[in-house]
Amino acid sequence: MVATMITSLPRFCFSASAKTFAKRTTPFLYNKPNTLLLKFPNTCTTLPSLTPSKLLPFCFFNAGKDNPDFQQKEETELGWPILKRWEVPWEWQTVSLTSLACGLSFILTGLIETAAIPYLGLNIEELSLDQKAEILFVDQSITTIAVLGVLYGVANTFQPLPEDLFRYDFKEPFNLKKGWLLWAAIGLVGALIAIALTGVAMSLFRGDDSQRETDALVRLLPLIGSSSISTACLVGITGVLAPVLEETVFRGFFMTSLTKWYFYLISLYGPNLWLWPGKLKKDISNLNYQSTNVAMVPTPVSVIISAAVFALAHLTPGEFPQLFVLGTALGFSYAQTRNLVTPITIHAFWNSGVILLLTFLQLQGYDIKELLQAT
């Protein structure tokens with residue numbers, strides 16, 4: 001249940017269809033009297049005029065308010081909050097290095113704790129189930145503090161942050177537009193239905209394979225229902241610590257950062273020309289967005305990408321479809337409310353609900369291991 005976070009940030013390129021490109025660029029390409037020249041900083045190299053014959057997409061990272069007019073126009077035209085982007089103040093280098101730092105802090109924390117246990121005079125095999133549960137809770141607490149410490153340490157260097165970044169707001173829970181509790185309930189019900197349908201579809205494709213893979217929950221079976229202390233520790237881990245950590249990293253940081261990637265179609269002649277994100281930042285930001293073919297990663301696409309990374313980070317390939325569906329519901333609920341309390345609530349009810357249900361079934365005499373493998 002506790003995710004192993006291995007996050008990486010590739011540069012994503014998205015290409016438009018030929019029809020869409022022709023509609024958006026033809027008037028500019030043929031009716032504009034002057035040639036569009038892109039001058040590189042510190043060089044005298046220029047790119048020829050744009051024509052629809054040879055076009056290549058290049059990815060850039062639009063950090064901060066590089067074009068306030070474009071951002072303001074987008075905010076007024078999009079009526080649905082779920083389609084709006086975040087004003088992320090950091091660039092792609094910060095996103096990559098911070099993701100790497102969070103992953104390393106997660107791994108190193110586990111290695112240090114494992115190495116420290118013998119020096120504390122603890123023998124894991126001789127510990128009771130309650131003691132093992134308590135150690136797991138302490139382990140997850142330290143990991144959560146370490147990873148969030150890295151993340152917020154980096155984010156604080158960009159103060160003041162926009163109001164909708166890393167926002168935890170418990171006010172107006174039932175507001176129709178951005179009520180965190182209302183949309184958490186909607187997201188949870190939607191996730192339950194979608195995951196149930198996904199499970200049915202997977203069972204049809206996989207058949208009745210009794211050896212199919214189960215998730216990491218199986219490793220916690222000895223602790224489930226063993227005592228009230230073990231149950232409390234598991235609920236604290238899966239219902240509080242893990243949701244706060246994972247939603248802050250995957251939705252609060254990674255997903256919002258993805259919405260600031262964009263690409264710009266330029267014409268190339270002669271030898272191939274390689275460009276890195278950021279080199280043409282000044283030139284790109286000074287261009288007229290209404291006259292050029294600029295496309296940014298839509299928020300729904302960033303939700304899908306972050307959901308895929310979220311599912312992969314759990315390192316349970318057999319559970320990827322269900323985790324992907326859950327991650328998608330979490331992402332859309334956050335995009336709607338701009339409040340991390342919403343996906344955290346969904347995640348907490350999902351995780352703790354599973355633990356409490358299995359505990360109840362265990363107390364009723366059911367073989368929960370057999371139930372997990374069957375479902």
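Each residue, glycine too, has its Cβ placed from N, Cα and C.
TrEMBL entries are annotated by machine, without manual review.
Owing to the predicted nature of the structure, the values given are computational and were not obtained by experimental measurement.
Going by TrEMBL, these are the annotated features:
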DOMAIN    232-352  domain 'CAAX prenyl protease 2/Lysostaphin resistance protein A-like'
TRANSMEM  97-122  transmembrane segment
TRANSMEM  134-155  transmembrane segment
TRANSMEM  180-205  transmembrane segment
TRANSMEM  217-241  transmembrane segment
TRANSMEM  261-280  transmembrane segment
TRANSMEM  292-315  transmembrane segment
TRANSMEM  340-361  transmembrane segment
Worksheet item: So, do the transmembrane segment (217-241) and the transmembrane segment (97-122) meet, by the test of 3 or more Cβ pairs under 8 Å (sequence gap 6 or more)?
Response: no
Item to complete: Quick one: find which recorded stretch in 97-122, 134-155, 180-205 has the most Cβ pairs under 8 Å with the transmembrane segment (340-361).
Response: 180-205
Worksheet item: Sequence-remote contacts (6 or more beyond its ends) of the transmembrane segment (180-205), Cβ cut-off under 8 Å?
Response: 169-170, 172-174, 321-322, 325-326, 328-330, 332-333, 336-337, 339, 341-343, 345-346, 349-350, 375
